[in-house]
Amino acid sequence: MVFFPHRHLIGIKGLTEQDITYLLDKADEAVKISRRREKKTSTLRGLTQINLFFEASTRTQASFELAGKRLGADVMNMSVGNSSVKKGETLIDTAMTLNAMRPDVLVIRHSSAGAAALLAQKVSCSVVNAGDGQHEHPTQALLDALTIRRAKGKLSRIIVAICGDVLHSRVARSNILLLNAMGARVRVVAPATLLPAGIAEMGVEVFHSMKEGLKDADVVMMLRLQRERMSGAFVPSVREYYHFYGLDAETLKAAKDDALVMHPGPMNRGVEIASEVADGPQSVIAEQVEMGVAVRMAVMETLLVSQNQGPRTDGMMA
């Protein structure tokens, strides 16, 4: 029997191919649960999940909440806007307060890289990173991988082109780590101003042309232009950005005929992707949302139930 030896899910970094496969297989089981009429189980009955979102996120928070509830957990969404954090309380103070309530898992999203890892050091329960600054977003990478694997039957040796604002994207970082671990070929396509220094050292091919970067790609993953994280002139204008790096039907022709079109959401239609593509037959964007609930169910069950069936370490995946 394969055991999952980790207490927290802080990032994809530190996960083995076996760990990732285990979670994806678990998520496949969760998809079946989510598609049946009676969706609620008693797997996590009596356990408490607290969602602590310091950054606004409708879809991710709703996905985590639904995942916990479908497993039978008691789920509490902490509204940071009305909390002591707004009154000057530090993350550590918040962690100590929540830990005293004895939850079983804390789900955190924070604008600062490393926030989830810091929280994990201060609490006695499991911690799941729902996105920390520009660092990582592990469950997004897992749901993307599940979407690809279910459509293509594998992850190894497929060509994935990640296009757009790579510099500010924690989604890109987590996907690169996961896809490389699973044997995929990863490309990044972006203007030089939207690529982090040393990106090639992460084991990706770098392109500055959409036509060249998408050639023979099995998957085209578009990233949102994150204007709220920008403090400088990274692109001349939105119009020019779309002209060179937006995905429309004509640009998509460079990829394979059966290439998948993906986007982590929320989309900027007419900025990084055209509606004709986002809503077209090659789009699996809706499937990504569905797989998100399944992946988060798998993560919760694994951290809180499955890991107790075998040996584990208290070390973080960070």
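Each residue, glycine too, has its Cβ placed from N, Cα and C.
For the recorded site, Gln140 (carbamoyl phosphate binding site), the DSSP three-state label reads helix. Sequence-distant neighbours of Gln140 (carbamoyl phosphate binding site) (same chain, six or more apart, CB under 8 Å from its CB) are Thr60, Gly131, Arg170, Val171, Ser174, Asn175, Pro264, Gly292, listed in sequence order. Feature annotation from Swiss-Prot assigns carbamoyl phosphate binding site to Arg59, Thr60, Arg109, His137, Gln140, Gly265, Pro266.
DSSP classifies Arg224 (L-aspartate binding site) as coil under the three-state reduction. Sequence-distant contacts of Arg224 (L-aspartate binding site), defined as residues of its own chain at least six apart whose C-beta falls under 8 angstroms from its C-beta, comprise Gly164, Asp165, Ser169, His263, Pro264, Gly265, Pro266, Met267, Asn268, Val271, Glu272. Among the features that Swiss-Prot reports, L-aspartate binding site is placed at Lys87, Arg170, Arg224.
Every protein chain considered, the tally of other Cβ atoms within 10 Å of the Cβ of Pro266 (carbamoyl phosphate binding site) stands at 10. Other residues of the same chain near the carbamoyl phosphate site, with their Cβ within 8 Å of the Cβ centroid of Arg59, Thr60, Arg109, His137, Gln140, Gly265, Pro266, are Ser57, Ser63, Ala130, Gly131, Val171, Pro264, Gly292. The Cβ neighbour count for His137 (carbamoyl phosphate binding site), using a 10 Å radius and every protein chain shown, is 26. DSSP gives Pro266 (carbamoyl phosphate binding site) a coil state; it is part of no helix or strand.
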